[in-house]
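Asks: Before I ask anything, here is the structure I am working with.
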Amino acid sequence: MPPGDLAIWFFIFAELLAFGIFFVAYAFARAHNVELFNESQQHLNIASGAINTLVLITSSYFVVRAVAAIKQNFSRECARWIAAAIGMGGIFLAIKLFELYAKFSAGISLSTNTFYMFYLSLTIFHFMHVILGMVILTAVMLKARSGGYSAKLHTGVETGASYWHMVDMLWIILFPLVYVIH
Amino acid sequence: MQYKSQAVAKPYFIAAIGLFVGQILFGLIMGYQYVVGDFLFPAIPFNVARMVHTNLLIVWTLFAFMGAGYYLIPEEAETELFSPKLAIIMFWIFLVAGALTIVGYLAVPYATLARMTGNDILATMGREFLEQPLPTKVGIVIVALAFLFNISLTVLKGRKTSISLVLLLGLWGLAVFFLFSFYNPSNLVLDKYFWWWTVHLWVEGVWELILGAMLAFVLIKITGVDREVIEKWLYVIIAMTLITGIIGTGHHYFWIGAPEYWQWFGSVFSALEPIPFFMMTVFAFNMVNRRRREHPNKAATLWALGTGVMSFLGAGVWGFMHTLAPVNFYTHGTQITAAHGHMAFFGAYAMVNLTMISYAMPMLRGRSANSRSAQTLEMWSFWLMTVSMVFITLFLTAAGILQIWLQRMGSNPMSFMDTQDQVMLFYWLREIAGLVFFVGLVLYIWSFFYKKGEAHIAA
């Protein structure tokens, strides 16, 4: 059995499928428009994308520590690690907002060209998943803080952690695909 | 029946089935007009028959949804309905308004009806599926609000379960999205854009929540599987429904003048719309296999399983078939759409209503199930209706493929009417399948009155 609640895995697979189809569509559109994609890509802020990659990987590490903590019955420590992960999620969102703000200020929209259509939809779609992940982690944190989990019963922590790792993993694919690979 | 006030569901279910019969009769008239063009002309022109066919479908579905709400909410909330009297008053208002509307469609030309009913005050008429005159539309809003008021207060004073919350969410969404039928901008692109907010966000959005809640309720009752297990499935299914269905609206925006990115959004998200339907099928079979009791109503179990399978095929598979923009470029508005529309509406909404009625009606008449032989008859009606609907779908699909080939591909495409002559054979076959469907429907109704030898199964 996978860690966490089985239902979250159905959800994770469905999410991966949605992003997967989007990634394939991106590849398909790029193959028909290589020059446009390469040209537009040069205007993206790789630095902010790279920093955000580190931010999310760090947050995933915090979540791992939270799961390890609850397995030893340390509820408060578990809650603190999750709070740290949520904090990293917040940093990710802030950096992303600056990046998107710059793009919108430059007059870029979904209708600018096919590349920007994918860039904006994929990053905003992922952005919304980060928010959902933070909501799930917050619920887990609150329950952990009030002693709702134990070394024996901590499915909820693993459920939240699984979802968060998925959000992280999607960014690890999205960042090189959209920002880096020429 | 555990609560006295659940009895108000009965007239709603009876009216629903009555209107369903009307829908099928007009379907048969139209099906015949496809092959004999001047049949019943000028008394019932094709466009009027079509309007009556689709409007009756919507109205009987609404009647059945309301009946389902009145039946299952008291049982879920473990308390009597807030006001049974209000429910009965609304029933008569809705029935009279619905009947007058249909009479109006049939008795006077549509333009006259529009003039008579104040369409010049607020123009909302003349748009597919939302043809109802202004007073009817206002009536629908009043009835829906009174219904929601009634069941929401019932839930508030009683037990709050996931099933009633999901049902309420779906029904409130139904009412909210209907409000877009009053918005009729003169810009045709905007008109179409928001028209779909009623049409698509109903059938591929909030109605699916209602469907999920109704199916979950019946499955809990007939299988005795733990509520927690069923509720978890319900949540995952509705989450997938909303994730795919809301942005999936884009598959209607390909060619109406909306921005080009909708071709991507619509294709990607609506390609995933079969997932919640597939999960619903797996869910239904899984629960029945894990059943902890043998409910005497075998017919209702069959309908519940059928709903899962047929909604997946009709809405999921037949929808996916033409949902990708490059495919839809050729199939848009052909008989492929008609094929999908028939199987999806029957498989998802007609069948879940028949499931609910099949389960609840014996209860409402003071027994837990109809007699064995009555159920055998009902199962015959299930197979007749389901199999004939599969054939209707296959014939229309064949007609659609031929139509696309002759009319939209190749270097020398034929005109619309010349193409219609070429697919006539399939229209004949579809009409025959439609007659079999009608026999199935008559058997369904008859099964509720069938008394031969053995007694009904006591409550």
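From the backbone N, Cα and C atoms, a Cβ is placed for every residue, glycine too.
Annotations in TrEMBL come from automatic prediction, not curation.
Straight from TrEMBL, here's the annotation block:
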type	residues	note
DOMAIN	B:1-459	domain 'Cytochrome oxidase subunit I profile'
TRANSMEM	B:12-35	transmembrane segment
TRANSMEM	B:55-74	transmembrane segment
TRANSMEM	B:86-108	transmembrane segment
TRANSMEM	B:138-156	transmembrane segment
TRANSMEM	B:163-183	transmembrane segment
TRANSMEM	B:195-220	transmembrane segment
TRANSMEM	B:232-255	transmembrane segment
TRANSMEM	B:261-288	transmembrane segment
TRANSMEM	B:300-321	transmembrane segment
TRANSMEM	B:341-361	transmembrane segment
TRANSMEM	B:382-405	transmembrane segment
TRANSMEM	B:425-446	transmembrane segment
Asks: Would you call the transmembrane segment (B:300-321) and the transmembrane segment (B:163-183) in contact, using three or more Cβ pairs under 8 Å, pairs 6 or more apart in sequence?
Replies: no
Asks: Going along the chain, which residues at least six beyond the ends of the transmembrane segment (B:382-405) come within the CB cut-off of under 8 Å?
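Replies: Residues 299, 302-303, 306, 310, 314, 318, 330-331, 334-340, 342-343, 346-347, 351, 419-420, 422-423, 426-427, 429-430, 433-434, 436-437, 439-441, 443-444 contact the transmembrane segment (B:382-405) from elsewhere in the chain.
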Asks: Cβ under 8 Å to the transmembrane segment (B:86-108), counting only same-chain residues 6 or more beyond its ends: which ones?
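Replies: Here the qualifying positions are 5, 8, 11-12, 15, 19, 22, 44, 48, 51-52, 55-56, 59, 62-63, 66, 70, 116-117, 131-133, 135-136, 139-140, 142-143, 146-147, 149-150.
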Asks: Apart from its near flanks, which chain residues at least 6 from the ends of the transmembrane segment (B:232-255) lie with a Cβ under 8 angstroms of it?
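Replies: Sequence-distant neighbours of the transmembrane segment (B:232-255): 162-163, 166, 169, 192-193, 196-197, 200-201, 204-205, 208-209, 212-213, 216, 262-263, 265-267, 269-270, 272-273, 275-276, 279-280, 283, 287, 323, 325, 328-329, 332.
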Asks: If we skip the immediate neighbours and take only residues 6+ beyond the ends of the transmembrane segment (B:261-288), which ones have a Cβ under 8 Å from one of its Cβ atoms?
Replies: 204, 208, 211-212, 215, 219, 222-223, 225, 229-230, 233, 236-238, 240-241, 243-254, 301, 304-305, 307-309, 311-312, 315-317, 319-320, 323-325, 348
Asks: To the transmembrane segment (B:12-35), which of B:138-156, B:195-220, B:425-446 is linked by the most Cβ pairs under 8 Å?
Replies: B:425-446
Asks: Which one of these stretches, B:138-156, B:341-361, B:425-446, has the most C-beta pairs shorter than 8 Å to the transmembrane segment (B:195-220)?
Replies: B:341-361
Asks: Any residues 6+ beyond the ends of the transmembrane segment (B:341-361) with a Cβ under 8 Å from its own?
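Replies: Same-chain contacts beyond the ends: 9-10, 13, 16-17, 20, 57, 60-61, 64-65, 67-68, 71, 203, 207-208, 211, 214-215, 217-218, 221-222, 277, 297, 299-300, 303-304, 306-307, 309-315, 318-319, 378, 385-386, 389-390, 392-393, 396, 444, 448.
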